[in-house]
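What Swiss-Prot says about this protein:
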DISULFID  C5-C62  disulfide bond
DISULFID  C6-C23  disulfide bond
DISULFID  C9-C57  disulfide bond
DISULFID  C11-C21  disulfide bond
DISULFID  C30-C37  disulfide bond
DISULFID  C34-C49  disulfide bond
DISULFID  C39-C47  disulfide bond
Amino acid sequence: AASDCCSACICDRRAPPYFECTCGDTFDHCPAACNKCVCTRSIPPQCRCTDRTQGRCPLTPCA
């Protein structure tokens, strides 16, 4: 749904050494959600949330 937002981030390791950071565990309502996810340059890469939203979910789904 367009109102979905992200509560977790996942690092996709299918194409090393490049890593795609995507949202996981999306819910229709989440009090503290991720609007964006980024991968760190650590080894192994870690996926973390950026641009946190409070209260309402983002109007567009996290990609």
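Every residue number used here counts from 1 along the chain in the order it is shown.
Positions of Cβ are set from backbone N, Cα and C atoms, glycine also.
Everything Swiss-Prot records as a feature, shown here on the structure.
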residue	record	DSSP class
C9	disulfide bond	strand
C23	disulfide bond	strand
C37	disulfide bond	strand
C47	disulfide bond	strand
Write down the Cα-Cα distance for C47 (disulfide bond) and C9 (disulfide bond), rounded and given in Å.
6
Should any of the disulfide-bonded residues C37, C39, C49 have a Cα within 10 Å of the Cα of C23 (disulfide bond), which are they?
C37, C49
List the Cα distance (Å, whole number) between C39 (disulfide bond) and C49 (disulfide bond).
9
